[in-house]
Amino acid sequence: AGGGTGEDAGAHTRPHSPSLGRRRREAAEEEEVDETPQEKKLRLAKLYLEELRQYGTVLFSAAPIPGEATGGVLGHILLSLQVQPPDPASIRVLRGHQLPVTCLVISPDDKFIFSASKDGSLIKCKWEVESGKRLCVVPGGKKGTEERHLGHASHVLCMAISSDGKYLATGDRNKLIMIWDVATCKRLHIFTGHRDAVSGLSFRKGTHQLYSASHDRSVKVWNVAENAYMETLFGHQDVITGLDSLSRDCCVTAGGRDGTVRLWKIPEESQLVFCGHQGSIDCIQLINEEHMVSGADDGSIALWGLTKKKPLALARQAHGMQDAQGLQEPYWISAVAALRNSDLLATGSHSASVKLWKCGEGFRKLEPLWDIPLVGFVNSLKFSATGDFLVAGVGQEHRLGRWWRLKEAKNSICIIPLKRKAAGASAEAPDSS
């Protein structure tokens with residue numbers, strides 16, 4: 001978030017009183033009588049955020065911020081200034097899946113984690129975050145028995161939860177999407193229509209509209225509350241490997257080896273094509289309504305603005321290099337996560353660590369922050385809504401294949417606490433984000 005005037009942006013070392021802040025705002029209003037209502041709203045919101053930062057008491061707020069709905073800079077909280085390096089000893093490991101964890105989601109209230117794996121007999125688990133207890137297990141069956149069994153009969157590759165916490169969607173290698181009641185873990189519907197593995201799912205925020213992506217190269221739109229199929233979108237030239245969405249009636253996808261990221265505008269039935277990675281683009285997530293991050297098997301992480309076709313920032317060999325059968329090649333990026341409307345990112349590979357990153361210089365720079373030791377293939381990463389913890393789904397194998405196997409890894413869910421610096425502990429001035 002921007003920092004108001006030059007005087008406001010760090011010249012004062014003492015917190016000022018609310019009345020002083022009010023007088024300053026009133027003076028600024030008198031000086032800028034020619035501004036439009038939108039400009040006034042932006043300026044006052046920036047000033048308000050700066051005053052919060054001067055106090056140092058509010059580090060992050062899950063409440064809406066003026067401008068957040070439009071994805072503007074006002075929704076962008078400089079959380080990286082406040083997060084401390086995570087303590088490896090504080091990581092909690094939840095065991096239960098026999099085979100590699102492929103995907104996970106956190107409930108909107110941050111109380112539960114849902115996870116899935118390649119395990120045919122233990123397809124979906126519900127975990128309580130506070131206690132680490134496994135509350136619900138949905139067993140799977142053999143292929144073709146989905147109607148008789150409750151769960152999936154093949155690898156689950158993706159899942160999504162609606163923003164009201166009512167519905168959970170899971171997609172598998174056998175072309176099926178299953179819809180579940182979050183509270184009871186009961187299956188409500190099975191959606192069919194994809195012609196290959198379902199590889200990405202996302203609910204549009206604030207709705208029960210579901211987007212799905214598949215290895216059949218298509219994106220489908222569903223209405224979960226009405227149990228209805230809506231439409232199909234085509235454009236990718238290779239399997240789609242990931243998908244994400246926020247509040248707008250659009251979604252973004254990673255196109256694997258076709259080398260493109262795409263933004264799909266649903267009402268207009270149009271798409272924007274973004275190019276920047278050299279390898280297969282395997283994971284993607286929106287940071288806010290205007291920016292997204294993606295990772296590829298060429299080891300690169302790309303930071304994108306939705307108005308530019310080339311990356312705003314690109315980190316090559318983000319997790320370093322590995323010796324693969326005598327050849328040096330980058331560690332694949334297998335998972336990316338963004339704390340919504342902040343400057344904090346996380347990436348995963350099989351390089352024995354999860355990395356935290358800062359989006360600097362107004363989303364024009366990727367700056368590495370810390371490495372968090374974690375052995376295994378990091379197949380899924382999610383931040384809690386409040387930013388208090390990060391969850392990693394770890395396996396001995398990559399979620400999409402069996403190219404390598406790390407025997408020393410544990411198929412597990414890892415909860416990584418993210419502690420904040422004490423109020424006022426950081427005197428670092430905000431950058432220009």
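Backbone N, Cα and C atoms are what each Cβ position is placed from, and that goes for glycine too.
All TrEMBL annotations are machine predictions without curation.
The structure displayed is predicted, hence computed values, not measured ones.
Quick look at what TrEMBL annotates:
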- 1-39: region 'Disordered' (REGION)
- 94-122: repeat 'WD' (REPEAT)
- 149-190: repeat 'WD' (REPEAT)
- 191-232: repeat 'WD' (REPEAT)
- 233-274: repeat 'WD' (REPEAT)
- 274-314: repeat 'WD' (REPEAT)
(request) Kindly state the mean pLDDT of the repeat 'WD' (149-190) in the predicted structure. (result) 91
(message) If we skip the immediate neighbours and take only residues 6+ beyond the ends of the repeat 'WD' (149-190), which ones have a Cβ under 8 Å from one of its Cβ atoms?
(response) 102-109, 112, 114, 116-118, 120, 123-124, 126, 136, 138-143, 196-203, 205-208, 210, 212, 214, 216, 222, 224-225, 227, 242-243, 399-400
(message) Based on DSSP, tally up the residues of the repeat 'WD' (94-122) by helix, strand and coil.
(response) 0 helix, 14 strand, 15 coil
(message) Checking distant contacts: for the repeat 'WD' (94-122), what same-chain residues at least six beyond its ends satisfy Cβ-Cβ under 8 A?
(response) 128-130, 132, 134-135, 137, 139-142, 152-161, 163-165, 168, 170, 182, 377, 379-380, 382-386, 388-389, 391, 393-399, 410-415
(message) If we skip the immediate neighbours and take only residues 6+ beyond the ends of the repeat 'WD' (191-232), which ones have a Cβ under 8 Å from one of its Cβ atoms?
(response) 157-163, 166-167, 169-179, 238-249, 251, 253-254, 264, 266, 269, 400
(request) Using DSSP, tally how many residues of the repeat 'WD' (233-274) sit in helix, strand and coil. (result) 0 helix, 22 strand, 20 coil
